[in-house]
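Visitor: If you scroll down you'll find the structure; I have some questions about it.
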């Protein structure tokens, strides 16, 4: 915790007063979610969980994360265009992971047919933690890069104002003025708007592809409203709607419910549970269309854990980004240790090492959305069970990052106000647009800080573990 808050964190009366003001400020600012009891109703809402105090983040590491984001945008885009790299990297995974295999089959089918899509939009979020070395110095370490449905760009656009007010209530006006402005919703909308414009039809709509249960609707509405403000029409559809109402014309323009779709912005489609046969058919229809998919299926595959692990191998980045040694160096400086569990001598050795010392590692399946990773004794048990099976190749191993905990209060509806030891994860949003071979937009679009109590090993805000936060640079 920044020294600035040490006087506050143990002052029960000041904390109670600040927490009451913070909750009202969050509701006023629109830091909202639908409730678990009534997930379809916007007339019964509560505040999204957040920290009482902004968390200290080392300025140098924050700036490093921003400085490398355009490089990661370039890298994701390069991977998505490299059929051979995806084929070779995912070869072992698609034999044992049906979800990745089905995505890959659609990718190959669309390539064989010939891409109708000419404009490509990437919205990703690169997530980091601050690894505390034995000498106490912190290093930026990438956890993962999310290339589909990277969320909370909307709500985090409003969270800094809440923390600004909290600091003022606590008599810390000067500290409040140091909180950075942050508006990822605007940056994400800028990318979607550019793709819509390049698609070239004023009548066409942007389609948000959304879940059946939309508790996090206000986060999406922040981005949606930015598009309405630009007079770009937005519709919200589910896979089922695409299956029932979707069609392609002779030039593979996509129509859903009679409206031409310029951009499909996925806020769904990253977990196997949402796909039945109809939804797979809807996904194929979308991929075959001329509409700009965010992401297209190749870009979703570029975000898999197996690809992340392969990028850490010597020489891989140089092949994907030829002639960009500075970008390669900046990217590589953020990598944690990543290890393949492919079958063979090297995979056997790393599996045995992890079984012997599970506290050193995290076991990651090819899944998004939080709450999937395995740690400690659970990691050991799973690896012991699958160590001689091909199923092993559907996971990767990563060095466990050890951040320095700090004290904070996690504000959740209907939960007691109590101090927790917490750790934070920083995400940087990136947006790029490519037309044909030409990159017409490439930028960092804002940041997201999420914080959780140290007793929780895994999980994000939507998974109900982490809460929204604001960086206080130190």
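Using the three backbone atoms N, Cα and C, a Cβ is placed for every residue, glycine included.
Quick paste from TrEMBL:
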type	residues	note
BINDING	125, 148-151, 214-216, 220, 267-270, 450, 461-462	substrate binding site
BINDING	144, 146, 368	Mg(2+) binding site
BINDING	144, 305, 364-373, 375, 398-401, 425, 452, 458	ATP binding site
DOMAIN	204-302	domain 'Glutathione synthase substrate-binding'
Visitor: When you put residue 146 (Mg(2+) binding site) at the centre and draw a 10 Å sphere around its Cα, which of the binding-site residues 125, 220, 400 have their Cα inside it?
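Guide: Within 10 Å of residue 146 (Mg(2+) binding site): 125.
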Visitor: Taking Cα atoms as reference points, which of the binding-site residues 144, 365, 368, 375 is nearest to residue 268 (substrate binding site)?
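Guide: Closest by Cα distance to residue 268 (substrate binding site) among the binding-site residues 144, 365, 368, 375: 368.
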Visitor: When you measure from the Cβ of residue 215 (substrate binding site), how many other Cβ atoms are you left with inside 10 Å?
Guide: 17
Visitor: CA-CA, which of the binding-site residues 125, 151, 215, 220, 400 lies nearest residue 144 (Mg(2+) binding site)?
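Guide: It is 125, whose Cα lies nearest.
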Visitor: Given the binding-site residues 270, 368, 461, state which is nearest to residue 452 (ATP binding site) when distance is taken between Cα atoms.
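Guide: So, of the listed binding-site residues, the one sitting closest to residue 452 (ATP binding site) is 461.
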Visitor: Report, in whole Å, the straight Cα-to-Cα distance of residue 375 (ATP binding site) from residue 125 (substrate binding site).
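Guide: Each residue's Cα considered, residue 125 (substrate binding site) and residue 375 (ATP binding site) end up 23 Å apart.
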Visitor: Of 365, 368, 375, 400, which is closest to residue 215 (substrate binding site) if I measure between C-alpha atoms? They're all binding-site residues.
Guide: 368
Visitor: Which whole-number value in Å describes the distance between the Cα atoms of residue 368 (Mg(2+) binding site) and residue 151 (substrate binding site)?
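Guide: Pair distance, Cα basis, whole Å: 12 Å.
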Visitor: I'd like to know the mean pLDDT over the domain 'Glutathione synthase substrate-binding' (204-302).
Guide: 98
